Amino acid sequence: MKRKLSAESHEVMKQLIARHSTVCIFLLAPFAIASLLQEKWWLGAWTSFIVSIFAVNLWAIIYQDRYFPKMVRFVLAPAIIIFSGVCLMTLEMMGVFWLYPIIVSFYFLLKRQDAWIANILVMCFAIPFVSIHFDAAYAIRIVTSLVMISIFSAIFTQLISAQEARLKALIVTDHLTGLYNRSLLNERLSEAIQQYNRSRAPMTLITMDLDHFKTINDQYGHIAGDRVLKKVSEVLIRRSREVDTIFRTGGEEFLVVLYNTDLEQGIRAAESYLRLIAATQCIPQKTVTMSAGVATLKEDESAEQWMLRSDNSLYKAKDAGRNCVIADCDA
């Protein structure tokens, strides 16, 4: 349940890189040209190099819907660190002004730990420089302000990241049970299909439905019904492996994606779910049961076809008297 939503995070980072690149291209390109015209070759060359890396990533995002994270980490970030030193050596006191946006930018371009390292390296240029070129009173204030900017930026980005993670969790999580809801289902099924196509590792779906749940709600009330759903979810989580993904797909409907699991293993897992749920006291003096349908992914099968076979097996389990497992053996 703690699997990262990597696709969404990648999309956010891609948009951030695109906007960052656009701003830097338009603001840094004139300085690169001016430095070259003034024969400040090192400064002009490094500025042009940084602009070109931003341009490559922006082009890739616009025309190929991707960016190059390794280029950002291993080429762009070191180039910006060197650029900070070149600015100080070439522009001297004026170069200090460039350190402030550089320090902030690392927190938007890199992971937090990498941004810390990059800022420490920038400070390795800055501290000796300001110690030599400024009086002690000014040097202390410059270094302190740079450190404060770095700390405030780190705090801000950490809070934003935490808030983003909470919002993502709210979007994909069923608030009652803590299980995933349907919004993430297609993505997880696509991942399972892609993994099967790469490795031929078997993938199995278990579709489950609580038996006579409407009667439970009518007889004991919706609060008791919610308690049953929570208890059942706890059983599913406790019985499942870390690699498995559990969804609440409807009112009393659940679905489990079992990775690297063949049909026989899937049947045993479903039977285990049903036994544990029947043995759990969800309501006093009443046994709660479930029915389950099992289907293993077939060659060249879509997610919709896979789910349909699992659903049909569930319907057969209902017709067979409930509290049983029916598997689609046509695989």
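Every residue gets a Cβ built from N, Cα and C, even glycine.
Marked as domain 'GGDEF' by TrEMBL: 201-330.
The feature transmembrane segment is assigned by TrEMBL to 21-37 (among others).
Feature annotation from TrEMBL assigns transmembrane segment to 43-62 (among others).
Per TrEMBL, the feature transmembrane segment maps to 74-103 (among others).
Sequence-distant contacts of the transmembrane segment (115-132) (same chain, at least 6 residues past either end, Cβ-Cβ under 8 Å): 77, 80-81, 84-85, 88, 95-96, 99, 102-103, 106-107, 109, 138-139, 142-143, 146-147, 150, 154, 157. The feature transmembrane segment is assigned by TrEMBL to 115-132 (among others).
The transmembrane segment feature in TrEMBL is assigned to 139-160 (among others).
Across the domain 'GGDEF' (201-330), the model assigns an average pLDDT of 94. Under 8 Å from some Cβ of the transmembrane segment (43-62) lie the Cβ atoms of residues 14, 17-18, 20-22, 24-25, 28-29, 31-36, 68, 71-72, 75-76, 79-80, 82-83, 86-87, 90-91, all in the same chain and six or more residues away from its ends.
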